[in-house]
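Quick look at what TrEMBL lists:
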type: TRANSMEM; residues: A:12-29; note: transmembrane segment
type: TRANSMEM; residues: A:59-78; note: transmembrane segment
type: TRANSMEM; residues: A:84-104; note: transmembrane segment
type: TRANSMEM; residues: A:150-172; note: transmembrane segment
type: TRANSMEM; residues: A:193-219; note: transmembrane segment
type: TRANSMEM; residues: A:231-250; note: transmembrane segment
type: TRANSMEM; residues: A:257-276; note: transmembrane segment
type: TRANSMEM; residues: A:288-304; note: transmembrane segment
type: REGION; residues: A:309-330; note: region 'Disordered'
type: COMPBIAS; residues: A:315-330; note: compositional bias 'Basic and acidic residues'
Amino acid sequence: MFISMFGAVESGVIYAIMALGVYLTFRVLDFPDLTVDGSFVTGAAVAAISIVNGIPPIYATAMGAIAGFIAGCITGLLHTKGKINALLSGILMMTALYSINLRIMGQPTLSMLNETTIFSQLESMWAATGIDSFLNGLLASIGLEQFPSTWAIVFVMIIVTVLIKFITDFYLKTEVGLALRAIGDNKKMIRSLSANTDTLTIVGVGISNGFVALSGALYAQLGAFSDVNMGIGMIVIGLASVIIGEALFGKKTIARVTLAVICGAVIYRMIVTLALRVDFLDTGDMKLITAIIVITALVAPKTLQIRREKKRRSEKREQLGRQAEGDSHA
Amino acid sequence: MLKLTNISLTFNEGTLDEKKALNDINLEMEKGEFVTVIGSNGAGKSTIMNVISGNLIPDVGDVYIDGKQVVHLPEYKRSPYIGRVFQDPNAGTAPSMTIEENLAMAYSRTKKRKLSLGVTKKRKEMFKEHLKTLDIGLEDRLTAKVGLLSGGERQALSLLMTTFTEPNILLLDEHTAALDPSRAELITNLTEKVVRESGLTTLMVTHNMQQALDLGNRLIMMDKGKIIFDVSGVEQEKLTVQDLLNEFQNIRGAQFEDDRVVLG
Ligand SMILES: Nc1ncnc2c1ncn2[C@@H]1O[C@H](COP(=O)(O)OP(=O)(O)OP(=O)(O)O)[C@@H](O)[C@H]1O
Ligand SMILES: [Mg+2]
């Protein structure tokens, strides 16, 4: 149980980078971008083929992210300059990327089992610190018997993801970032305030897919393989993370939402892990579970709010009624 | 400052809904001139605003700002020179962003946007000072989301966002039409004050004839895509609403028709 939850957090923090990307398009730009399913794999594919060809993992990962950025820019171009509907631009790019990803890898799956990945490097550096034996010792003292093989990935990925969050927060508060946010809020206005909305949209969708591809590149290295189909349903997972996060933690400020999105991604992985432990559910049901989670996260807050309002009103009515009664007696 | 020459624009040319919205418009405005525009429904008032702002490109004709031909520049490249307040109070502000963020975006209108913070301490102080001039208490609500403001407050903010960077040309298209009378009066007074204080070159469409006469130093009347009447200075001051209606009747041989007209 602990081990599988540990795994959920580990992959959740990596997925969180993808979810931040999805947040940028869906929420900030109000651009329903479906490129994600493709660009996640693009990141994985570029990183994997680079690593297999002996490029240092850190550069391989960066190249994966850049490839995703370019793919996103093309989606943005299709929409702004090609005047293609946003959804369709994303679908077209996603479809094209399937073939492109196959070309990049040269085969449908690519294993990195015997390669040095960013995480295997990390683990060997980490091993020297002795933090693992300390933490596992702690776990043993509370009676756990199985220990995670390494804490390195969780720790470092949390730092990386939070760093990306802070950079995103800052970016969205700069002059450029404000204009980017206004695109999703009031495009006509920001154009009349001399912002080039086309360029901003292109760059915005690019950055978003850069995040997604970075997440893909890291995820591939975590599992030591890249598969041309590993991106299927990624967009829904990203959305699930955004929606769960917003529902649980609110969206008062940018900094709050980005944190919520990260937590949402981790919680999503945890829910899926728990669900898969239920006997009659198996991995094939995961998409259904995801859909149900998203629907719940969308519907529940509104239902709760309506209930609360109803209760408040009826209480108020009662209170007034009592007052009126009191008045008539007086 | 602003010069329009031989502007014509036809919507849906060659189809059944062909509509000649502007027909050979010529207009020249001096720096600091405050021109009010009246005209019947569909006269082309909004269209001409859109041609000036770059929202629409005319079929023929040229637009010069400060002697520079801008007719082929897209809207975002013209907007460093042009400030606009829209009729719809929702159109001029970003509702899910805060008052200070909206002001920061407006502040960047005349500059190249950079990767530095939009809202700084120094700017906050400046925004506060400007908001104080509106005198509706917005200076204490810098971090409130604009979506929470009333229509009148939002329109006052839009007006401030547009004018505090002193645009070379200020375009106002019925910017008080969506407000109730007392709010409309507030916005009108603010407009009058800021235009006078900053000496902005202004083109303002209004449906209030008395207002068109009282405000500004020049008045033009449009009908069917043409400017049919143009008065300024002392001549404008002497005119009454009845004169305007008579004038229209004389020129067009028809009643002035406008479902939203306010005679004063
Ligand atoms: N995008 C468009 N497509 C087709 N016709 C249009 C379009 N925009 C405006 N028109 C037509 O052009 C004419 C001029 O419109 P415009 O909006 O400039 O009028 P207006 O003077 O602002 O009128 P109002 O006082 O009602 O606001 C109208 O007949 C209108 O129907
Ligand atoms: Mg109009």
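Cβ atoms here come from the backbone N, Cα and C positions, even for glycine.
Note on the compositional bias 'Basic and acidic residues' (A:315-330): DSSP counts are 15 helix, 0 strand, 1 coil. The largest share of C-beta pairs under 8 angstroms with the transmembrane segment (A:59-78) comes from A:193-219, of the ranges A:84-104, A:193-219, A:231-250, A:257-276. Spatially, the transmembrane segment (A:193-219) is adjacent to the transmembrane segment (A:12-29); three or more Cβ-Cβ distances between them are under 8 Å for residues at least 6 apart in sequence. Sequence-remote contacts of a segment are chain residues at least 6 beyond its ends whose Cβ falls under 8 Å from one of its Cβ atoms, and for the transmembrane segment (A:12-29) they are 36, 40, 154, 157-158, 160-161, 164-165, 168, 172, 180-181, 183-184, 201, 204-205, 207-212, 214-216, 218-219, 222, 234-235, 237-239, 241-242, 245, 257-258, 261-262, 264-270. A Cβ distance under 8 Å defines the sequence-distant neighbours of the transmembrane segment (A:231-250), meaning residues of its chain 6+ beyond its ends; these are 15-16, 18-19, 21-23, 26-27, 33-34, 36-41, 44, 212, 216, 256-257, 259-265, 267-268, 287, 290-291, 293-294, 297-298, 300-301.
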